[in-house]
Amino acid sequence: MSVRRLRNLLLVLIATVTLILYGCSDEDPTSTSSAGFAGLGQDVDGFQDAGSNSSLTFPADHSAHPDYRIEWWYLTANLEDESGEPLGLQWTLFRQALMAPSKRPEPTPWAADQLWMAHMALSQGEQHQVAERFGRSHSQAQLNTTQNSQAGVVANPFHAWLDDWQLKANDEADNRDFDNLTLTAYSGEGDTRFGYSLTLTAEGPLVLHGNGGFSQKAANGQGSMYYSQPFWQIEGDVTLNGETKTVSGRGWLDREWSSQLLDARQSGWDWFSIHLEDGHKLMAFRLRGGGDDTDQAQGADYRSGTWITPEGQATSLANSDITLTPQATSAVAGRDVPTRWRLEVPSAGLDMTIEAPHANRWMTTSVPYWEGEVVVTDHASGEPLGEGYLEMTGY
Amino acid sequence: MTRVLSTLLSHYRRHPGQLVMLLLGLWVASALWSGIQAINATARDSYARADALFDTQLDQLERRDGAPLTRGEYYALRQAGLPVSPMLEGEVVTQAGTRLTLIGIDPLTLSSDNAMAQANTSASLSDFLTPPWQTRAAPDALAALGVARENASGATPTLADGNTLPPLVLAPALPPDTLIMDISAAARLLESGDEITRIVAAPWALAEAPSGFILTRATTLASPGQLTESFHLNLTALGLLAWVVGLFIVQAALGLALEQRLGMLRTLRVLGVSGRSLVVALCLELILLGLIGALAGIASGVWLARVLLPDVAATLGSLYGAGVGQELNLPWHYWVGGLAVSLGGLLLAGSGVLWRAARLNMLELGQMQAWRGGYRRQLTLMSISGALALSVALALYGWLRFQPPGDGLVAGFGLIAALLLASALWLPPFLALVLKVLTHLAQRRPLIHWAMADMQLQLPRLSLAMMALLIALATNLGVGSMVGGFRLTFLDWLDQRLVAPLYLNAPSEQYADIDVWLADRPEVFERLLTRRSDATLQATITPDGSRALGTPIELYGITPGESLTPHWPLLAIQQDRSSAWAAFSDGAIFVNEQLATAENLAPGDRLTLSAPGANETLTIAAIYPDYGNPRGQVLMASPQLAARFNAPPSSMGLVLNDNANVDAMRAALRERFDLGSDALSDQAEIKRIATEIFERTFTITRALNVLTLAVAALALFASLLAQARNRRQQLAPLWALGVPRAQLAQLNLAQLGGAALVTGLLAVPLGIAITWGLVAIINVAAFGWRLPLYLFPWEMAITLATAVGVALLAAALPTLRFWRASPRALLAEEANQ
């Protein structure tokens, strides 16, 4: 879930500040925020608030929501190359409003009210390549074209871009809008060049999380608008170390926006997106802290999730439906990060071990976090059940 | 040891004058040296800040067709995956009238290891990017903005046009006179709309230029540091000279202090103090005095630098366009270095004293005659060293002759230094020889004979001071002639180039209309349209072969007509002037002397020039002088420049008929084309500004020159004062023999005046040699232009008079003392003998 994205937002803010104004800083960005991870627990002041009475309309909601503080378009994929070697990738576009809607500057040249950040990662075996970009835009509608803005997202036809990193409706497909997309992103030169050029085909419907798309993130009612497309079939080319390979596999796209995603007491999260071999999908997350409605500085964990049938029928999972236990940690980038988990959802008959085959999936971006491929096995028998992606922040 | 030291130091209690002289020498030497070093350090810091900023550290993209860059193009480049960043650059005028450079950046795409990024403040990115935005400025810029340092943070100064700057944030790492803000805030202030000044990228981030663009690598952009290097070398050389001359004073004072303490030293040795402890004690004394003198000197040096800095900054700004902060900015090594140089100099000056103290003969009597014997040996040594220094000078000269002109700045300074040293070393042997001859000639006239013999006795003490005087006089003369010659040449050259009474500076799109309008005016005799554009010198083709380059140069277009061609100065042409001008009108080029020197070009060579949309190979028809321009320039006929390089008009000179009314013309033009008050300027006004820039350039040179001469006078004065007591001993017997006091006093003054006159006469040819070295070697290497050698007999006469005047002045006080001494005192001296 999107919590990870939240930190990214913070990452935007703090990162850009540290990165750009102070040069590189080794400071732990999480320690500078007193309001949840990456400032994602800030008050709503002046922004629109995500609530259970909000509803989703498509294709309009695929585009940006500048009246909300933060937003992202988040794709992860479990692929394999021609020789069957597994390969993981991530592409994310984050948006953050620089000010409340009432305080936006006139749309003079270069004036911006939205800050954009994009991350890409490509992983195979022990290799893990990461890149990051920044951009700005003004939210006034007529400015949102590639000729007028460095970054932006428009709905129909769908187009999300930051420079040459672009996720857009596939011109060549019989375009059912959001069901056929292409993704292109490259970074570096020569031997260090990496990136991908992929086609994405949806093999199932969009899935709304929580209550009609409102996903609660803390016991006090804090939350975000959240939907996913977990049924992507992906084909295309990836380039790693200047070498290009043909790949195919499954992808998961998350869309989420909010003005206050986290409870101020929440320090980080662990988020899972799982593709099971029988066609089911599972999304589950744990927010560390904020799990009860008390004033305690460090509340209990808050868990939530969605169980999705192969046809796309979604069932929300509440705090009590999910048991999530870290079972082993690995030392990554000077920290201990849990890389083996036990996830139990008794209502769906699940008791799984989830393990990251490669622990070095640390994202060395301006706000760092862990994001990588996982394999899923039956906890009791050890039989393979599926694969997915895990994101962990605040470690 | 303490007791030995305090005994030694007690000497100064009895002779405070010597202590003052010693400290004065140290103070002067280290003040001048450290003052100049402070100026250099501050200037370097400013250049480093400017270098670290964008221009010289980033590759730049321009459109091949020369059209301005737009926002749309920038987005298109980003969407093609190129790591480029937009930049806006313009000028804003403060209410006080100062022009500041305003740079608008996009911190989100500018490579983050750039200095701008490190112009660190406590503000967040979001404050930088969003209203009311922020203005980053170095503390040096506050004065121009009219903001006091203590309430600078957050201040929002108003500009001359009534706009308000975003709140200030101080960023000491920025260059002076530069304001930095987000590109959106800069776009509003500069009203730049969708245009951007440049598109930049981190060095070598782009493998090649995208199609339709020209890529200029950071390394080919000249940095202010490189341009101004020679200027600072000049300053350093002058500082070094002052330091050497200051050390002469120290040497004289120390020698005297030792001489007078010889008796005390012997007594101490006899009392059982070892030679080694004596030397250690003397060393301690030197270090103690050195520390006091050096600290005082450095403090005054900083003061001196503060006084001179505005002139230096103005000079560098007008000569090279390099911004230098008005505030001193001194790194720690400046202080340590200054101290080390002063103490090092002191030990150097004191080494002779220590050497003699270490070899002190306990039994030897302090006899002048014995001294003189030692001095003979010294004279021989000086002659040999002088010959060595001269052969170094000759060797350097020989080497320089085989270098291409424009090389060998350091060797040029070396040559001058060796020449000065050789002359200084030969001065005492020469004076001794002159005295010997004169003594011989004056055998029939006892008093004069005595005076000559006496002078030979004084020579050992005086020789160092005379050497200092010689160096100071020669340098003064050399630098003075160079500046004077430059001034004549420069004014002449200005007259030749500024032939029109009125110059027009209008927006470039207006020239076509103005030209049409002027063509019908009967009072306009000729319209001299100039054009300019930047280009790259891609290659030179000479009889020796062709050479690929990538040097940025300036293209300048003039209108060769009746008014301009007869006067325009040319240095080298292939046949005659008229054929050079004819070729010029047909598309040949002239190159300025700087470019010809730097690339070793001659008329007949060919240059390949490229600019947006054009690439031409053209023949050089002539070389012309272009004083004051740090860049290489290629001159073309205006119509040719427009046709080949599409260069926009930059100004127009209006030559009017004899009876035309300049003021009426000016008023008519202004009204017809709605021109601003600064669009039209007189010839007189332009000359005044140019001359002002020129005068400022040499203010510092002159100031340092005068200071050096003053130091030399002090050195002479110190030496004379030092031997005043001895002089009385020498003169008293003559007085007792019946020579009147007045005659003795005159004799005394004549002795010194004569010595100074000889020194001054020697300084004249030496000064001419220095002038030659400056105009023929150093200026060519430093600035790229060679000046004709001008000599100023009147200045030489003044120099001679100064030498004699300084000597007489220095001699006056001791003579006055002798004059006023009571007969009893003189008799007492006699008795002492």
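Cβ from N, Cα, C; glycine included.
Look at TrEMBL and you will find B:238-361 (among others) tagged as domain 'ABC3 transporter permease C-terminal'.
The domain 'MacB-like periplasmic core' feature in TrEMBL is assigned to B:464-671.
According to TrEMBL, the feature domain 'ABC3 transporter permease C-terminal' maps to B:705-823 (among others).
Feature annotation from TrEMBL assigns transmembrane segment to B:235-258 (among others).
What TrEMBL lists as transmembrane segment is B:278-305 (among others). Tertiary neighbourhood of the transmembrane segment (B:278-305): same-chain residues 1, 4-5, 8-9, 19, 22-23, 25-39, 42, 254, 265, 268-269, 328, 330, 335, 338-339, 342-343, 346-347, 350, 353-354, 357-358, 360, selected by CB-CB distance under 8 Å and a gap of 6+ residues from either end.
Marked as transmembrane segment by TrEMBL: B:334-358 (among others). Long-range neighbours of the transmembrane segment (B:334-358) within the same chain, counting only residues 6 or more positions beyond its ends whose Cβ lies under 8 Å from a Cβ of the stretch, are 26, 29-30, 33-34, 37-38, 41, 243, 246-248, 250-251, 254-255, 257-258, 265, 275, 278-279, 282-283, 286-287, 289-291, 293-295, 297-298, 301.
For B:379-400 (among others), the entry in TrEMBL reads transmembrane segment.
What TrEMBL records for B:412-438 (among others) is transmembrane segment.
What TrEMBL lists as transmembrane segment is B:459-479 (among others).
Per TrEMBL, the feature transmembrane segment maps to B:703-722 (among others).
According to TrEMBL, the feature transmembrane segment maps to B:756-785 (among others). Below 8 angstroms of C-beta separation, residues 230-231, 233-234, 400, 405-409, 411-413, 415-416, 419-420, 423, 427, 430-431, 434, 466, 469-470, 473-479, 481-482, 485-486, 593-595, 597-598, 625-627, 630, 716, 791, 796, 799-800, 802-804, 806-808 of the same chain, each at least six residues beyond the ends of the transmembrane segment (B:756-785), sit close to that stretch.
Per TrEMBL, the feature transmembrane segment maps to B:797-816 (among others).
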Positions on the same chain near the transmembrane segment (B:379-400), where near means CB under 8 A and six or more residues out: 408, 411-412, 414-415, 418-419, 421-426, 428-429, 432, 777
Non-local residues, at least 6 beyond the ends, that sit with Cβ under 8 Å of the transmembrane segment (B:797-816): 469, 473, 476-477, 480, 709, 712-713, 716-717, 720-721, 723-724, 727, 745, 748-749, 752-753, 755-757, 759-761, 763-764, 767
